[in-house]
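Notes to accompany the following structure.
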Amino acid sequence: MQARKKYVLLGLCTCCWILLYYWAGLQERLLGLITHRRGEVPRPWPDWLDRALLPNFAEQLDLQNGGGPGDSPRQRKQAWSSIYKDSRCRMDTCFDFGRCQTQSGFRVYIYPPEKGERVSEGYRKILTSVSESRYYTSDPREACLFVLGIDTLDRDQLSQQFVPNVDERIRGYPLWNDGRNHVIFNLYSGTWPNYTEDLGFNVGQAILAKASLNTEHFRPGFDISIPLFSKEHPQKGGKRGWLVRNSVPPRRKYLLMFKGKRYLTGIGSDTRNALHHIHNGKDIVSLTTCRHGKDWEKHKDARCDHDNQEYERFDYQELLHNSTFCLVPRGRRLGSFRFLESLQAACIPVLLSNGWELPFSDVIQWNQAVVEGDERLLLQVPSTVRAVGIDRVLALRQQTQTLWDAYFSSVDKIVLTTLEIIKDRVYSHISRNKLMWNALPGGLLVLPEFSTHLAHYPFYYLHLGISPGLEFTAVIHATSPLVSQSQPIMKLLQVVSKSKYCSQIIILWNSEKSPPQRSKWPPMPVPLTVTDGRRKTSSRFLPHAAIETEAVLSLDEDTVLLTSEINFAFHVWRSFPDRIVGYPPRSHFWDPVKKAWGYTSKWTNEYSIILTGAAFYHRYYHHLFSHYLPSSLRALVDHSCNCEDILMNFLVSSVAHLPPVKVAQRKQYKEMPSLQGTKMAPWANPEHFTQRQECVNTFSSWFGYMPLEHSQFRLDPVLFKDHVSVLRKRYKDLERV
């Protein structure tokens, strides 16, 4: 009985729902008859009634299809896959490590250009950087990596720099091997209107070092994203960043700025057409112009005249130098020249380029230097940058300068960074870590063959919270035969060995006569080692295996110092381990008449060189001197038997970007020639001084700029020459010098 009631109740409910459904449909049809309205086909987008009040920025069909005149993501992916068939390449699958495990090590070979080959200015600079690097080889059998002689920088078919038939030509290379162990440099790919990443030839298994690289097509751990740079970008050296001249206050006159082209149609126009929305003419200046290209007047809109007029009111360089943040939107391609300009100016880049694989993203932590925005959230950018604190602003700006100086200021640095990244992948067991790449002085100046431990370098003591060791090794450069126990070198040995910080003494014997027996040397409380210098002046800076301490005291055989002077200089060096600390100063200057650099030993109010005849420095600079500097500079030093100390100062100043440190008041640090017999000391020869003038100009030419920095301060001991008891002074002997 109860079951029957349940079924009856269920049936009644079902009937009610059916009647309600039909009643609702009847009401809708009656309303249509009364209002004379017909049923409409459902639309995916609303049909606004107030169309006159809403300007059409895009057609409704474009919105339904995803917007933009370019191909769909699927079409772009298919086009990429058809050209780059090895899209899954990784170092383990598409690179022959066996070519790099030979005795030659990591060597790079450049294919010789064919007769009459057209090479653009930018690609010529790249080839020059490779050929002048320490990795270049002219023998392809020694090569680990290959670089094409064919210009592949500009693959826009409408460009005058476009080189046709690349695919056929590279397949004719006997060493091409489907691109394995090759690196291809490219700045521009694709052409109007879609600017796809089509290079016009199959790169195969080659590593692609490309600007404006899309994350969809980037092969992680294999390809390398490089910055877009102009043909005017300097070959080497390059200008320093501008933060040193404009560091305080952290916030500048303008909060955010952009000044550039506005694309009226085509890819990249969506973002740049919307930039005027954030312009307020006060602390945010966003200026665009339609006046570019041949047909801009055909496509100009109602806003062009006003934008062009506003565009002329502001100077780009003034905005760049006086803005805290710089907007870096995408152009036709993902990369932009604005990126490097912002880095140099210490104007924090605010990126609006969705899908852009940032330059050298494998090793650079870009969140420490840029603000990444979203093209779809342009209106949120002002509030985002306003929320960045002052301490964060200063940190970001400082990091822009670190990255600019280390990797982007010249074509040389861009190319060498590319090669060093590949080298780290090949020799991963001795590769650099992220701190080495992102902290001063940068990865190019940290050679992992020296050590993989941060504590072994002079740059990371503050990062690690430690101090250098309490011992040093003295290296004495000897060029005169030992004929008397009263020679200056005998006195010097006694003075140095009395220092409680001296671990050992190494005599680098560069005399024509063979070194004397051990019994001829005076007894000392520290180990004494005599090493053959092979009669090469540059050998005093070779990385001798016997040097185990971090600090090296470099001395000439005729140097005159007190033990207390050595101890004080060593204490000062422990506070400046990345610089040269010592006694004899020299200086450089620019001669406007000769239009060349000059060198002077006069006592002036400033100095830029500390001679290594009496100076402390870190032993890592021996490794840099031998493995970073080109052999041509070391050969120049050996040929002239001169300038090795100037070259070491150039090297250390280029690494530290700081001047050396002069200690105490001593000016004369050598025995006078009359006390050494009839033979005149080399430094007393006028020809010796002339050679040093020439060396300064030769070295600055190789570095591409003048790395030496002037300083006007000297460090003396506390209580130096104060009217207090000598018993309270630790270095009282320094006052009698």
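In case you wondered, yes, glycine gets a Cβ from its N, Cα and C as well.
Annotated active site per Swiss-Prot: ASP645, in sequence order, evidence recorded as similarity to another entry. All protein chains shown were included, and the count of other CB atoms within 10 Å of the CB of ASP645 (active site) stands at 26. According to DSSP, ASP645 (active site) is assigned to a helical segment.
Cβ-based neighbour count (10 Å, all protein chains) for ASP556 (UDP-N-acetyl-alpha-D-glucosamine binding site) stands at 25. In the three-state DSSP classification, ASP556 (UDP-N-acetyl-alpha-D-glucosamine binding site) falls within a strand. Among the features that Swiss-Prot reports, UDP-N-acetyl-alpha-D-glucosamine binding site is placed at ARG432, ARG540, ASP556, GLU557, ASP558, GLU644, ASP645, ARG692, with the record citing similarity to another entry.
Annotation comment: Swiss-Prot describes CYS643-CYS695 as disulfide bond, evidence class similarity to another entry. Listed in sequence order, the residues of the same chain lying 6 or more apart from CYS695 (disulfide bond) and placing their CB within less than 8 Å of its CB are TYR599, LEU636, SER640, ASN642, CYS643, ILE646, LEU647. Secondary structure at CYS695 (disulfide bond), taken from DSSP and collapsed to helix, strand or coil, is helix.
Residues or ranges marked as N-linked glycosylation site by Swiss-Prot on the basis of sequence analysis: ASN194 (among others).
The N-linked glycosylation site annotation in Swiss-Prot covers ASN322 (among others) and rests on sequence analysis. According to its DSSP assignment, ASN322 (N-linked glycosylation site) is coil.
Taken from Swiss-Prot, the feature topological domain 'Lumenal' covers 28-737, and the record attributes it to sequence analysis.
Residues or ranges marked as transmembrane segment by Swiss-Prot on the basis of sequence analysis: 7-27.
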Residue among recorded positions ASN194, ASN322, ASP645 with Cα closest to the Cα of ARG692 (UDP-N-acetyl-alpha-D-glucosamine binding site)
ASP645
Tell me whether ASN194 (N-linked glycosylation site) sits in a helix, a strand or coil according to DSSP.
coil
Intrachain C-beta neighbours of ARG540 (UDP-N-acetyl-alpha-D-glucosamine binding site), sequence separation six or more, cut-off 8 angstroms
VAL475, HIS477, LEU508, ASN510, GLY533, SER554, THR612, GLU644
Here the recorded positions are ASN194, ASN322, ASP645, and the Cα closest to that of ARG432 (UDP-N-acetyl-alpha-D-glucosamine binding site) is found at ASP645
Using all protein chains in view, find how many other C-beta atoms are within 10 Å of the C-beta of GLU644 (UDP-N-acetyl-alpha-D-glucosamine binding site).
25
